[in-house]
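Colleague: Take a look at this one; I'll ask things after.
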There are 6 protein chains.
Amino acid sequence: MRPSGRQPTDMRAVKIERNVAMKAEGSCLVSFGNTKVLVTASVETSVPGWLRGKGQGWVTAEYGMLPRATGSRTRREATAGKQSGRTQEIQRLIGRSLRAVVDLQALGEVQVTLDCDVLEADGGTRTASITGAYVALADAIAWMEVRKLTKGVVLKDSVAAVSCGIYRGTPLLDLDYLEDVEAETDANFVITGSGKFVEIQGTAEGAPFDRSELEALMTLAEKGIGELSVLQKQALSA
Amino acid sequence: MRPSGRQPTDMRAVKIERNVAMKAEGSCLVSFGNTKVLVTASVETSVPGWLRGKGQGWVTAEYGMLPRATGSRTRREATAGKQSGRTQEIQRLIGRSLRAVVDLQALGEVQVTLDCDVLEADGGTRTASITGAYVALADAIAWMEVRKLTKGVVLKDSVAAVSCGIYRGTPLLDLDYLEDVEAETDANFVITGSGKFVEIQGTAEGAPFDRSELEALMTLAEKGIGELSVLQKQALSA
Amino acid sequence: MRPSGRQPTDMRAVKIERNVAMKAEGSCLVSFGNTKVLVTASVETSVPGWLRGKGQGWVTAEYGMLPRATGSRTRREATAGKQSGRTQEIQRLIGRSLRAVVDLQALGEVQVTLDCDVLEADGGTRTASITGAYVALADAIAWMEVRKLTKGVVLKDSVAAVSCGIYRGTPLLDLDYLEDVEAETDANFVITGSGKFVEIQGTAEGAPFDRSELEALMTLAEKGIGELSVLQKQALSA
Amino acid sequence: MRPSGRQPTDMRAVKIERNVAMKAEGSCLVSFGNTKVLVTASVETSVPGWLRGKGQGWVTAEYGMLPRATGSRTRREATAGKQSGRTQEIQRLIGRSLRAVVDLQALGEVQVTLDCDVLEADGGTRTASITGAYVALADAIAWMEVRKLTKGVVLKDSVAAVSCGIYRGTPLLDLDYLEDVEAETDANFVITGSGKFVEIQGTAEGAPFDRSELEALMTLAEKGIGELSVLQKQALSA
Amino acid sequence: MRPSGRQPTDMRAVKIERNVAMKAEGSCLVSFGNTKVLVTASVETSVPGWLRGKGQGWVTAEYGMLPRATGSRTRREATAGKQSGRTQEIQRLIGRSLRAVVDLQALGEVQVTLDCDVLEADGGTRTASITGAYVALADAIAWMEVRKLTKGVVLKDSVAAVSCGIYRGTPLLDLDYLEDVEAETDANFVITGSGKFVEIQGTAEGAPFDRSELEALMTLAEKGIGELSVLQKQALSA
Amino acid sequence: MRPSGRQPTDMRAVKIERNVAMKAEGSCLVSFGNTKVLVTASVETSVPGWLRGKGQGWVTAEYGMLPRATGSRTRREATAGKQSGRTQEIQRLIGRSLRAVVDLQALGEVQVTLDCDVLEADGGTRTASITGAYVALADAIAWMEVRKLTKGVVLKDSVAAVSCGIYRGTPLLDLDYLEDVEAETDANFVITGSGKFVEIQGTAEGAPFDRSELEALMTLAEKGIGELSVLQKQALSA
């Protein structure tokens, strides 16, 4: 019944391949089915101006899509001369999501930038980005710990994200592009490894939804995040 | 216990003054306490390129803040040469929220732009904008109906928005600036007059939240939207 | 004979309402007939780079129009990505006009920014802006004086502005939009309370004008500024 | 008594050399003393969008300064990514001044662009630009007439410009840079060959000025324009 | 003697993996040692304005680097708001190089865009880009041929590129980053499969070079291109 | 046989007129036939950020074309809001070429900017720019030496540039516009007074070229540079 043939409660095949970028302090190639995102974590010693001298760090994110990650070619933002509203919205979300599990004091006066570049887009690029960014961040923190650059335990929890939606009346987990385009309601959930909510963004694309539908999506999301957390742990212990 | 002295379930005083802009097809000045937003609805006969010739209309929004709407002067975006990510995020939200209650076919090949300009900012500028934008839009649609420009019933429902948050452990309705800055969790709800959800955006600013907290915020939001819907109806029938 | 029914030497009804922006050090809503401008004066402790450390202040202005201040919607400059030539010309004029009555040494190393945002445009937005900006500035200076932040008498005089024009062969005071569009000659005058000229900008929109016509416009302007100066004084003593 | 040793009523040496740009339909190198401006007039068959199909033409101007036209190097506007407010103000003035003597109907559906590029700046670059632009425009119109491209007499009059100012209490004609920097009042006059005013822009740089001072400047300007008009005629008949 | 341990006439290990981007008409991941570039070829039916209606196509290229392709993070061009001069130079070179082997008439009124995005940078990103772009282009042309969209033989030859340089007095083939940084002279060669030159760009980074040195670099380049042409053929026949 | 009537090995008439810009530390007007470039050298005491405090200087260049330097008017880059890729490519080339003959240590912590503004374009604007820039730079260095601002011999050699091309099968020296447009191959050579190569950029515009053709162009270039070096010396000793 799903275009992909999956059951409503099935995630796509998720893979997280670490250390794919030789020069970054942390990196991974994360795929949710045919969606593929290359994430790097860069540790830099300069923090934003408003944080300078406060002995505290910052975690931020930037997001981009290669022009032909999509079915028809999308204009390159560097050529257009600016990032789209959508891009900015996504990269702000990724940054907030990661900061929710980071102790910025323990990080020290350092900035970690998570660059999430979509190589192939098939729905869920922001949720794959967040899920992979946690892994790249964890590697960058480990890199810092080896060099005794941190001031305590930096990561308070893990974090992952998944999208759910109401598609032809049925709540589905982890929408791909075909499902996403047609879904009446689309919601993104960012949830910690311990099951707490960091962010929830639900949007009625077609008809407005009611509270019970939102509850159903939450339950699906909790299931999906459970699986993603296990995969993150496996990747990081590999 | 709230800085404002309100009860946790109290909205601020909300006022909606219609027809404040002589030249616009619809307009209102909406205040949520000390937050004041001037909203105009402009009916234009040209639609975005990708809609041309499809016999269907579009509703979009733009958002701005006067430089001294805030405690210290904010740089004017026209001088900076671009809209911030926050501005784009908000105006995209306003547009989506209004489109959720509009029958774009019935609107005909026409674009309605909702300009939401914040004269004074004290928290909740996006929720006040959405709440006022519905009233300005309703007036613009009425203006079109008088001129027989619509092709059926355009407005399927009313829509309003409110923010809620967990502040020092207590769920509060309609955060003002002081509460917003300190809230552990902040959520914006866009809900129709008939009680359906159009958009929900919840963010853990401090500690992640759990499902029961989100439930509490939803209940508060439903109460607030109920009151806002009544005020919108009163304003439109005045 | 004027579209507005006014006599050639009549100003429109002018109103100046102070303290309309809670957070600004000075503010007013000034109307010249249907033209309405919200002016705020913001006191900031940083001055432009080339003035730093010179013990002297600066007064500058920014000008904007809400998109639907005009009969048909005007594109928002923040969206367009830059201020138009007209906007820059006007805000440079406002800044120069105010600086002409300010003792920048007495101001101390402080910058006052006058933000003039047009809520409704019906001709004369720049002259209303200057006239209102003086009132907002005076309030901001008073705010500084209370806090002993000035180094002597800052305001050397008051200043106001009015437009005049030759319309169907007759010199008119204070053009509204309909008159402005058709005027053969259009001139803006910035004049101090003591009757001295700060700026005069006369432009032949149709046929060039001769010296006697310019003389007639000057005489009208002096009459108009006399009235505006009284209104400014009344507003400030209210 | 003038830094330049000139009498108060003396213009600088003015030269107008025609046909300095091989490819332009009209061009000249105009110098007012050490100020040198290269002006070209380009005839193009496309008019601005809002004029298309109206059988009428347009005259417009662009202004630029080579980076080292000035005492210390000025940043190139192409590198800065935008034209300054001053540049826009000047090019708008040049365009308006020229249009005042052009019959746009007779021009036909054609745009003439006057490019005024300052090779050396020593005060009066905008007045030299206007004075030279008239000559380049006259040549471009002559070029069109030879090809029977006009629809009647295009030029209704000639036009030239000069600056005057109050310097150490004395009214002076044609300020150079050293005088301009120190002048209490600075005024630019655009006047036709037949002695009518097209534009007057007077600014108090120091103390405000009174009406009699403005009168004195006007008298000087009329003298200067008289001389410039003769030089324009001589150049065009050479 | 080379930092990499290679002989002066050795290329790095070169790999070309085709069909790495599901949605593109042609694509490959090309690596020259540790330099990795993802190339996609996109076929679009719209050509640049100046080619419209001429029955002829266009081939163009865009180049980008992921922020952490480099040792320290490079600012994202989409964030900076423009492409650097270096980026533009490179993408113009790639486009010109490919067009040299394409019959634009035979291509028909179609544009093929080669997007070259550097995943890892270790010297030679532009030469790897050109070498890979030929393979992606060949696949896109094959895709068109299957659909009978071409009007004859589009590819007149193959094309590849390599850099050479004088390093500590010795001519070297295929510089990596460490060699490139220190090289006295650096030259990029674009050469067809049949051994003709399409582009040569030699630059003295340190001391100027003489003709015999350039000859030595040309000979090395011809050797390298010979090997690259074989690899391209193998990749395309795989 | 050449459109210009020149022999294949003939340069156009080249003129270098020094000290054409009163305010610059060095300047010249260089013409290669009908191509005319105004070059100024500006000495400034601030160097780029990454060089600060290293006791070493920098030489850089900017390039521009007046809008009507070309047969039809070219859009002004300051209006377009950015420099084209071509402009950036050229100014980077000019800067590199000059730096090749400068001892940046001997220059001291000073930046010299070469502004090359094309007044008339008839092919070879970049080669004329480099040739003239050397002369302007030499004058600026002499200006510094008189003031004892240098720390040793700054200029290690002279440098000049010329373009050559294959036109209808024949190698030609110093292409003008008509030849350049039609040339099968176009190459720019930057060569020192002592005959060493600084830069070579050869491009097949039509059919790819072979090594013997490139050899022929090099020989022509060496002849042309020989002549240009003599002219530079003559100009500097005049």
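Cβ coordinates are placed from backbone N, Cα and C, and glycine is handled just like the others.
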Colleague: Given that TrEMBL lists B:Gly124, B:Thr125, B:Arg126 as binding phosphate, which residue among B:Arg76, B:Arg86, B:Arg168 does it place in the same site?
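Modeller: Record check against TrEMBL: phosphate site with B:Gly124, B:Thr125, B:Arg126, extra candidate from B:Arg76, B:Arg86, B:Arg168 is B:Arg86.
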Colleague: Compute the centroid of the Cβ atoms of B:Arg86, B:Gly124, B:Thr125, B:Arg126, then list the same-chain residues not in that set whose Cβ lies within 8 Å of it, in sequence order, for the phosphate site.
Modeller: B:Tyr63, B:Ile90, B:Val118, B:Ala121, B:Gly123, B:Thr127, B:Ala128, B:Ser129
Colleague: What are the DSSP helix, strand and coil residue counts for the domain 'Exoribonuclease phosphorolytic' (B:11-140)?
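Modeller: For the domain 'Exoribonuclease phosphorolytic' (B:11-140), the helix, strand and coil counts are 45 helix, 41 strand, 44 coil.
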Colleague: To what whole number does the mean pLDDT across the domain 'Exoribonuclease phosphorolytic' (B:158-224) round?
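Modeller: PLDDT averaged over the stretch: 95.
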Colleague: In the domain 'Exoribonuclease phosphorolytic' (B:158-224), how many residues does DSSP assign to helix, to strand and to coil?
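Modeller: Result for the domain 'Exoribonuclease phosphorolytic' (B:158-224), in helix, strand, coil order: 20 helix, 30 strand, 17 coil.
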Colleague: Between any two of B:Arg86, B:Gly124, B:Thr125, B:Arg126, the residues recorded as binding phosphate, what is the biggest Cα to Cα distance in Å?
Modeller: 13
Colleague: Pick out which of the binding-site residues B:Arg86, B:Arg126 has the most other Cβ atoms within 10 Å of its own Cβ.
Modeller: B:Arg126
